[in-house]
């Protein structure tokens with residue numbers, strides 16, 4: 001599944017004496033082996049395209065990324081397609097290096113409520129972005145991703161220390177968590193969100209593999225990923241009637 005493993009042959013050379021033709025024979029042997037080695041490397045380079053360091057960007061915004069108060073959204077990061085147009089991948093696996101994201105979230109009051117003092121209450125709430133690694137991606141019987149409540153127990157848990165449910169820890173784990181606590185008097189406010197998580201380092205490499213059954217299935221979406229998909233969970237919790245609209249750009253650095 002990953003890079004091919006090569007077996008290195010070994011040879012032991014034992015000196016038994018010297019001959020005036022020995023140097024010539026050794027030179028001939030080295031030349032012959034070197035020629036074979038070069039031919040093997042040339043054929044290998046023609047068969048296996050070189051994997052390149054690339055970056056694929058995805059913008060998540062629009063009606064599908066608008067949440068009313070006390071709701072959550074689950075989605076995923078698209079991976080590169082198999083093909084020749086960059087950003088692409090040339091094999092059925094890639095090495096994930098780093099995921100960066102940056103964007104804005106717009107919080108709006110949906111209805112103007114007035115308290116006893118004749119003033120509108122503050123918009124108070126917690127907005128969260130959770131990056132989750134799915135070790136063995138596959139859709140549930142309903143054909144959907146796991147919901148926020150299924151993965152973390154309940155949306156209210158975003159107020160505290162968020163953790164994956166014990167029964168799902170073998171498959172999922174949190175890679176990055178961003179939380180913004182809001183308390184504003186305005187009916188509309190904008191907040192900046194930004195983060196980065198390192199997926200591979202000098203001691204550990206994270207690889208993702210794909211189910212490339214046919215040409216149409218090599219598109220890098222969640223159903224195409226066989227190992228280590230990246231999921232994104234958005235959650236907006238507030239007691240005030242409001243909504244959160246996100247516009248977030250994700251940059252995935254990879255080798256593929």
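Sequential numbering from 1, following the chain as shown.
Every residue gets a Cβ built from N, Cα and C, even glycine.
Marked as region 'Interaction with Arabidopsis thaliana NSI protein' by Swiss-Prot on the basis of similarity to another entry: 150-187. As annotated by Swiss-Prot, motif 'Bipartite nuclear localization signal' applies to 21-42. What Swiss-Prot records for 81-96 is motif 'Nuclear localization signal'.
Mean pLDDT for the region 'Interaction with Arabidopsis thaliana NSI protein' (150-187) in this predicted model: 96. Taken residue by residue, the motif 'Nuclear localization signal' (81-96) breaks down under DSSP into 0 helix, 8 strand, 8 coil.
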